[in-house]
Amino acid sequence: MFIFASKQIKMQHIIDRFISYVTIDTESDHKSESTPSTAKQWDLANKLVEELKAIGMQDVTIDEKSYIMATLPSNVTQEVPVIGFISHFDTSPDFTGANVKPQIVSNYDGKDIVLNAEKNIVLSPSYFKDLLLYKGQTLITTDGTTLLGADDKAGITEIVTAMEFLINNPEIKHGKIRVGFTPDEEIGRGAHHFDVEKFGADWAYTMDGSQIGELEYENFNAAGAKITFKGKSVHPGYAKGKMINSMLIANAFINELPAGETPEETKGYEGFFHVHHLTGSIEETVLELIIRDHNKKKFEKRKELIEKITRKINKKFAKQFGEDIVITEIKDQYYNMKEKVLPVKHIVDIAEKAMKEIGIKPLIKPIRGGTDGSQLSYKGLPCPNIFAGGHNFHGKYEYVPVESMQKAVEVIVKIAQLTATEDSSKK
Ligand SMILES: [Zn+2]
């Protein structure tokens, strides 16, 4: 049932495995405080444990928070760095992941794909131009009513399939490989309870990027600010010199932020302030924003600016209000992994070389967000991110080309091989 045609990883095998994962609902939930945030994530977690054992992985463990780890022992005698591959089994709460009905589009003709005729939902290359990269390939799409869950069940499919391939082809040399599957990545908690020490790898890769070729080791430095504005409500007819409208102060605060430095007006390495929540009345307004910048110095400057505007407005109202009218709380969220990866840059170079050796053009670019890898890097496990192949994550237009998943499997196998054969003194 598991046959390799000239060492090619069989497409149908990948499709079957992927579908067996995405048809299990594992949507995570921001509002929950438990780990995993939703009990249904156990459904897939438990299945993965059984599957890892079935393909012959060793030391397969699952802890009380559903974190899964497993080992593929080294098959070489010399000492080789221990590497890891990581992905997450939850799906985004942004769109429903219940009753996913994957559709297979073979030999994609480059035209519109009708996801749902009844609801007139069409996946069109005129809007999603990336589709044209995959003409002639096999795509897996949704039926237009759910997300697909390629983020990140494509990554899990690829890791399991690569481990199985290495087990079935022992002539391919590799060191000890650790596998880690986590819950709750989509709600920013995937790395929170990840036991880096227990994992015991020198470095790892998250298989959680998008387009084939993506290789990422830079992400934003991130902070969130909650800014509370106080006010004084007075009858509008008698308000002169007395009323303080907190909503208008919040408005003045927003106007002090640099124009054009918003998500919708920036790209590449440009940072931003993003006002994402604003609720208010005369007596109190709460403004929430996030601060993002790849550059650590600029990131600190941005946080200082928030404090500076706060002080300026507080000073202006000091007499009239008697106490601080603006209260600002800034919390750092995560940092650019580049700082932790650059000292061990060869871990990126190996991934890049692996891609080139199997004919993939590496696309190295900064992430405009964070990954679990950034948190793991700061916990002591340097962890760049590699493509898993999917597109249009977190919604009904999500799709994944099976050929990209096949290539990701090959990348994992190649990285394992290169790590065991390259000069490991660079470790
Ligand atoms: Zn993901």
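Here the Cβ of each residue, glycine as well, is placed from N, Cα and C on the backbone.
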Of the candidates E186, E197, E352, E357, the one that TrEMBL places in the Zn(2+) 2 site of D151, H394:
E186
Per TrEMBL, which one of D25, D29, D202, D208 shares the Zn(2+) 1 site with H88, D151?
D208
Secondary structure tally of the domain 'Peptidase M20 dimerisation' (217-318) (DSSP, helix then strand then coil):
40 helix, 31 strand, 31 coil
Output field, Zn(2+) 2 shell: CB within 8 Å of site CB centroid, site D151, E186, H394 dropped:
T91, S92, D94, L147, D152, F393
In the chain carrying H394 (Zn(2+) 2 binding site), residues 6 or more apart in sequence that have Cβ under 8 angstroms from it:
S92, D94, F95, L147, D151, E186
Taking only same-chain residues 6+ apart in sequence, whose CB is under 8 Å from that of D208 (Zn(2+) 1 binding site), what do you get?
I86, S87, H88, D151, D152, G155, E185, T371, D372, G373, N385, I386, A388
Measure the Cβ-based neighbour count of D151 (Zn(2+) 1 binding site), defined as the other Cβ atoms within 10 Å of its Cβ.
27
